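Step one of this worksheet: look at the structure below.
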Amino acid sequence: MSAGSGNKNTEPWGSFDDNLIQGSGSAVIDMENMDDTSGSSFEDMGELHQRMKEEEEVTEEAAATEDHEDGEFLGMKGLKGQLGRQVADEVWQAGKRQASRAFNLYANIDILRPYFDVEPVQVRSRLMESMIPVRMINFPQKIAGELYGPLMLVFTLVAILLHGMKTSDTIIREGTLMGTAIGTCFGYWLGVSSFIYFLAYLVNAQITMLQMLSLLGYGLFGHCVVLLVSYNIHFHFLFYVLWLLCGGLSTLRMVAALLSRTVGQTPRLLLCGTLSVLHMLFLLYLHFAYHKIVEGQSPLRPPILSL
Amino acid sequence: QASADANRPFAGLSDVSISEDIPVEGDISVPVGPSARRDDEFSTLDEPVKETVLRDLRAVGKKFVHVLYPKRSTALLRDWDLWGPLLLCVTLALLLQGGAADSDYQGGPQFAEVFVIVWFGSIIITINSKLLGGTISFFQSLCVLGYCILPLTVAMAVCRIVLVAGSGSVSFAVRLVVVTASFGWSTFASTAFLADSQPANRKALVVYPVFLFYFVIGWMVLTFSPSQ
């Protein structure tokens, strides 16, 4: 029977609707097609099919004997209405399925779950290792691909930066202190990682974006330590020593890891030179841009914001 | 029989079977009596507004008590709500207004800044704890973190009162003690509720961002200074 293009009826008896199979429709049985208490849906569909066929025969007979312009039979109109409803239902179901599939794909935080699968012991050991350069550069060094440690380090750096900005009466004209701190730290972490990854891609170094993010994130541990000390103990000489020592060690570690994964003199020079320069200059910038000492003010006085 | 069937028209279907020896079980009848009879028990649409507001306020107040005396309980988690955190956030943001807000100086945080920090901080901590394998739901975690801002809000009120008296070293020392104590209290209270939902060996990983979050809020409270 010409069931129309709207539904997926493949059986001659008009197969089950999607609603009946998946149970996504209403649970109330439509009583209007049943005139006995039969509970079998086979009989229902059979009855429905029979009734529709009878109607079709009736309309065909009537059409054969009457004028052909008059097509508004109750039977045909009822058939079209039902088809229209089914088509609308199908479209709605298909749209809903697509939307939920898209949502599950993009809003699924489980994509990030493997990168947060760490133990506290591992985080601690990786923090310690980020200050210890490894001298083996002939074989690719292992770089852990996790995001928990780097993310927490970036947030810690934000907190330390805020503390430093407040204790030195930093004036920010456009924007707020919080916004500047968060923007600087996240901008550095994400921006420099992407840039170095791009350079690594150009010179064909063996490192993934995740590993780069992880490497640079753990490299910020040295920065956190130096800034924490130098924002509270204001001796320039001490800062320079710490800058060379801690900054230098964490830079050396990152450089060694990159060296072990790059082939060729010029690519190595390019990649490692860029990273060292950016990393060390960032520490200098954080110290001097956000922490001006007003001459004559004792560092041990409580922070007072005056107008 | 007829009157019973009038109320339950599908009742007779429950003893229909397709094959003789496998009876269909269960009751598929749907009572179709007047629906208002059942809804009256659950509908709160007709009660006076005062009753609704008071009921919600009482629920919020009960949770405040749970935060102030934190012990391992599931009260905050079972019936979570976000009214309390909203109230606390707005109060804190209002109290942090009126700082040295001269147009040339970046003094206290703006209202919107406090809001953004509190809510986005909570969201990030919640996502972090879910990624680490926590069993708590998104809104339950938001609820707990929001309610545990209560000690810091109290500390802010105390700080403002102390600042009225003066802003010298003594007042700073007092404020430092108060803010540190309330920061510790907030962190301890929130871990009492959140820690149970984590696998045992990863509690430290979840507690650290909470510590940072309340540290930043405590720092905002401590460094607040009123306009002269």
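Our numbering is plain: 1 for the first residue shown, then up by one each step along the chain.
Using N, Cα and C of the backbone, Cβ positions are placed for all residues, glycine too.
According to TrEMBL, the domain 'Yip1' annotation covers B:69-220. In the predicted model, the domain 'Yip1' (B:69-220) shows an average pLDDT of 83.
Under the heading transmembrane segment, TrEMBL lists B:80-99 (among others).
Look at TrEMBL and you will find B:111-132 (among others) tagged as transmembrane segment. Residues 85, 89, 92-94, 96-97, 138, 141-142, 145-146, 149, 194, 197-199, 202, 205-206, 209-210, 213, 216-217, 220 of the same chain, all 6+ positions outside the transmembrane segment (B:111-132), place their C-beta atoms under 8 angstroms from a C-beta of that stretch.
Counting residues 6+ beyond its ends, the transmembrane segment (B:144-166) has Cβ neighbours under 8 Å at 63-64, 66-68, 76-77, 80, 82, 84-86, 88-89, 91-92, 95-96, 118, 121-122, 125-126, 136, 174-175, 178-179, 181-183, 185-187, 189-190, 193-194, 210, 213-214, 217-218, 221-222, 224-226 in the same chain. Feature annotation from TrEMBL assigns transmembrane segment to B:144-166 (among others).
Residues or ranges marked as transmembrane segment in TrEMBL: B:172-194 (among others). Within its own chain, the transmembrane segment (B:172-194) has Cβ neighbours under 8 Å at 67, 70-73, 76-77, 129, 134, 136, 141, 144-145, 148-152, 154-155, 158-159, 162-163, 203, 206-207, 210-211, 214-215, 217-218, 221-222, counting only residues six or more beyond its boundaries.
Residues annotated as transmembrane segment in TrEMBL: B:206-225 (among others). Listed as Cβ neighbours of the transmembrane segment (B:206-225) (distance under 8 Å, sequence separation of 6 or more from its ends, same chain) are residues 92, 96, 99-100, 107-109, 114, 117-118, 121-122, 124-125, 128-129, 132, 134, 145, 148-149, 152, 155-156, 159-160, 163, 167, 175-176, 179-180, 182-183, 186-187, 190-191, 194-195, 198.
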